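Annotated in TrEMBL:
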- 1-10: compositional bias 'Polar residues' (COMPBIAS)
- 1-87: region 'Disordered' (REGION)
- 13-24: compositional bias 'Pro residues' (COMPBIAS)
- 25-40: compositional bias 'Low complexity' (COMPBIAS)
- 41-57: compositional bias 'Polar residues' (COMPBIAS)
- 279-293: domain 'Bacterial type II secretion system protein E' (DOMAIN)
């Protein structure tokens with residue numbers, strides 16, 4: 001969505017904070033962006049916490065852990081005084097975001113607290129955050145060791161857990177001072193059906209070996225989609241599933257399948273090391289949180305070629321761009337052999353984005369390439385234009401282009417023509433589709 005600098009204020013009533021005055025509750029919309037949100041279904045807060053994490057049930061809050069500290073010099077001890085009396089607790093802010101279905105909480109020294117609501121950044125009418133308040137909030141979710149690690153490394157990634165939500169944490173330094181972004185992750189894993197995903201998502205989950213890639217920009221719902229696919233396999237097939245994530249977002253309980261989840265920095269040091277080790281752990285399915293480098297791609301392809309189903313993510317915007325992105329990791333001399341390796345291993349590429357619907361919710365659109373025999377030939381010969389044409393005509397195999405997906409949503413009345421044009425990678429083609437010329 002485009003930014004609207006003149007957007008008017010919208011009322012937001014913060015939840016009452018015990019023993020603390022609540023400032024006036026007015027907010028203003030300031031900008032737009034992406035969100036992990038794919039539906040308006042929000043998990044019901046869990047009252048009784050079990051001994052083991054389950055779908056919709058999770059451990060009580062505990063400080064997250066992270067990778068081993070770097071060998072930097074010991075930092076100065078961070079400020080110790082507590083938060084300002086007119087600021088809420090961090091848990092209060094997270095609870096407020098959860099209750100209203102917001103996806104992210106943005107907090108930084110010298111800035112007012114903000115939250116993201118379906119892509120729109122909104123400002124809470126609390127005072128600017130001072131350094132003591134910021135470190136008071138950190139101490140709600142981190143131990144002193146983790147805070148000192150952040151001071152040394154100048155960044156921190158992790159996750160923490162409440163009865164009502166799981167929260168992914170990113171802490172960083174900036175010109176104004178330290179800041180953090182908290183991404184709320186529903187405890188309830190939504191199903192493929194609840195997300196309204198096409199049948200091809202279930203079909204590829206029934207495959208026994210190969211490489212499935214889920215791609216899209218940050219905040220496009222890749223983790224939500226992958227969680228739904230793993231949940232489908234968990235319920236329908238008796239498999240051994242190993243996930244390698246940074247950090248773990250959705251927590252799965254073994255059902256028909258046995259699921260082992262590993263977090264980089266806690267249970268393993270690197271994606272590639274964990275992926276190589278997992279091949280000796282009798283897996284059927286390996287989920288790699290992100291295909292970050294050449295070594296990880298090589299190991300993933302090897303696993304796919306030796307009878308495993310490998311699922312991974314990339315930050316690319318279309319199926320064809322995903323192929324191009326993988327090949328850029330290799331030298332010109334290596335690319336021909338890599339095309340063959342990809343063609344032989346690939347099951348499908350699903351690129352995903354999110355757009356605002358006519359009822360002010362958000363929905364996913366897709367660019368889907370399924371690896372048929374013809375697609376294999378085109379991948380080997382580098383005929384990307386022909387692949388796109390095949391995707392336009394490949395509805396029977398479950399293929400679709402981004403423009404076709406957006407146009408279908410428009411025809412269903414779920415998105416406006418303005419949104420279809422805005423999100424289209426080829427606006428001229430979309431304009432012709434909207435005019436009925438294609």
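Just so it is clear, glycine is given a Cβ too, placed from its N, Cα and C backbone atoms.
Only residues 6 or more beyond the boundaries of the domain 'Bacterial type II secretion system protein E' (279-293), in the same chain, are considered here, and those with a CB under 8 A from a CB of the stretch are 208, 213, 226, 230, 233, 239-246, 257, 260, 264, 271-272, 299-300, 302-303, 306, 308-315, 326, 329. Here the domain 'Bacterial type II secretion system protein E' (279-293) is broken down by DSSP into helix, strand and coil counts: 0 helix, 4 strand, 11 coil. Mean per-residue pLDDT, taken over the domain 'Bacterial type II secretion system protein E' (279-293), amounts to 92.
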